[in-house]
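**Student:** Once you've had a glance at the structure underneath, I'll fire off some questions.
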Ligand SMILES: Nc1ncnc2c1ncn2[C@@H]1O[C@H](COP(=O)(O)OP(=O)(O)OP(=O)(O)O)[C@@H](O)[C@H]1O
Ligand SMILES: [Mg+2]
């Protein structure tokens with residue numbers, strides 16, 4: 001399994017090649033009574049090694065966009081390509097592998113597992129990599145927690161943490177897998193300005209030193225200005 | 001991964017406690033059914049030791065005839081029956097006939113003082129020289145009762161079964177010629193003249209155990225006056241029964257009446273009685289098991305539904321559907337194992353304490369069966385919920401809170 005994925009990921013090493021491409025994306029949420037068009041006519045390319053920020057008013061579809069890029073949900077129409085290959089051509093198992101190895105996702109509302117300690121939560125993406133032993137898993141998780149400044153809270157449970165601390169655990173969980181792409185939904189939304197600044201530096205560092213591709217949703221203009229490209233959304237459409 | 005599972009389950013011990021209890025109860029039910037089943041099945045497998053087809057039991061009612069005259073009448077009746085066409089052999093016996101509810105049992109001993117050996121509870125039967133032929137008892141060594149025994153002696157003859165011989169003489173000596181004691185007349189010495197195969201008058205479901213046959217002399221005036229066992233020719237039926245009954249009345253000058261049943265009927269009626277309780281228990285247990293299974297299924301199903309968010313997050317973090325269903329199955333089987341261990345601890349007390357005097361092997365087999373049954377039950381109940389879990393999409397993580 002690991003060899004397959006290595007082959008899959010090693011194929012494109014050029015720094016300007018598109019890593020995620022969305023073409024004519026539309027996403028409609030259907031509930032019993034109403035139909036919400038969350039995204040419409042979205043055409044977007046994220047290149048390898050880019051740091052892109054996404055802004056827009058509440059409800060304009062930013063989280064929806066990120067969940068499509070993260071292969072967590074499927075578009076109603078249009079195509080998503082990862083490394084130049086349409087997502088629909090991947091098997092369920094390959095998709096799981098992509099989510100696991102290639103993408104790190106920071107949920108807007110953290111989505112930690114309440115019955116697992118901070119450390120166990122952060123270890124989770126590594127749990128689905130059979131090649132990584134338990135001590136290596138632990139080491140990497142602690143390293144990731146160290147980066148977000150939470151090594152003192154490893155044995156706590158999510159319910160025992162503040163909102164900002166939970167947010168940092170969620171970031172550490174995305175970092176632990178050392179993914180090529182990090183998709184972060186308002187990663188500093190719950191942090192004070194100092195802590196927000198630190199996390200921003202951390203992400204910029206990853207982008208600079210490891211060439212990690214980053215897409216970050218933010219409401220903070222200052223942060224957005226530090227990224228290489230800013231995309232604005234309004235009412236499900238890209239406006240800039 | 002296994003450690004991760006344990007951690008997760010430990011952190012949820014409260015919710016999992018209920019499941020473990022449920023599993024424990026299922027095990028107890030399975031163990032109870034299994035023990036009864038294994039016990040009866042083992043008994044059923046053991047040889048009966050006699051042939052009941054074409055054997056009739058005649059119960060004689062001597063009415064108001066004085067006891068002193070009864071022996072003479074009985075001799076005449078026996079002589080008449082023995083010459084009746086269709087009758088092969090007739091034997092006097094006591095009321096401990098095959099498939100009856102009468103029994104006579106106790107310990108058999110041999111030797112005295114330190115060297116005395118005694119059997120466990122054993123069955124005592126008695127019969128005349130013809131009983132062996134009537135019942136088709138197998139003779140292993142020595143001889144059955146015959147004319148030689150008619151001379152009164154200080155040590156009446158006795159025939160014991162192989163099992164009795166093995167119990168009294170575990171070193172493999174022959175019991176032939178040895179003196180034994182048994183029953184009420186504990187001081188009465190008896191000499192073993194023959195070793196027979198097994199004989200389980202209690203029927204197929206009775207527990208195999210040691211047994212012996214005491215001797216009823218044709219001249220005996222004290223016992224076995226009311227019960228006869230008759231082997232008839234195959235194919236004879238109601239006509240012969242009527243004739244025998246008429247013969248008995250006429251030969252006794254109209255004073256005796258009789259009641260004839262076939263051993264086949266007696267066997268069936270006894271089986272019915274003996275199987276009623278296990279059958280009722282079995283049905284109750286099936287209901288209980290179905291209940292437990294539904295409960296287990298319900299709890300698992302609920303469990304999965306309550307954990308949709310968690311499982312969605314796992315999918316989002318890169319777990320495959322197979323990994324998720326594997327996790328769910330693993331959790332359930334681990335819980336089952338916990339409930340099972342509790343159950344086994346309780347069940348182990350039965351063979352250890354020798355409850356109901358049943359052989360440990362029965363309980364051990366039942367424990368094994370219950371264990372297998374429990375895992376099958378758990379896997380069965382977990383199948384659908386684990387499929388359900390595998391089907392949870394990562395997008396679920398976005399919606400559930
Ligand atoms: N599961 C869903 N079912 C129905 N409608 C949905 C669902 N998820 C999102 N929506 C709708 O889609 C639209 C876009 O939602 P989305 O969460 O992408 O917005 P957002 O830009 O992330 O907003 P915010 O800044 O508040 O997080 C909203 O109108 C929302 O109500
Ligand atoms: Mg959002």
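Cβ atoms are placed via backbone N, Cα and C, with glycine included.
Bear in mind that TrEMBL entries carry predicted annotations, made automatically and left uncurated.
The compositional bias 'Low complexity' annotation in TrEMBL covers B:102-114. What TrEMBL lists as domain 'MacB-like periplasmic core' is B:25-241. Annotated domain 'ABC3 transporter permease C-terminal' per TrEMBL: B:284-394, in sequence order. As annotated by TrEMBL, region 'Disordered' applies to B:95-118.
Describe the structural context of each listed feature in the structure shown, including burial, neighbouring residues and relevant distances.
**Tutor:** Across the domain 'ABC3 transporter permease C-terminal' (B:284-394), the DSSP tally of helix, strand and coil residues reads 99 helix, 0 strand, 12 coil.
Panel annotation: around the region 'Disordered' (B:95-118), residues 50, 52, 55, 57, 124-126, 135, 160, 164, 167-170, 175, 178-184, 186, 201-203, 210, 212, 226-227, 229, 263, 266-267, 269-270 of the same chain, lying at least six beyond its termini, place a Cβ under 8 Å from a Cβ of the stretch.
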**Student:** Go ahead and report the DSSP secondary structure tallies for the compositional bias 'Low complexity' (B:102-114): helix first, then strand, then coil.
**Tutor:** 2 helix, 5 strand, 6 coil
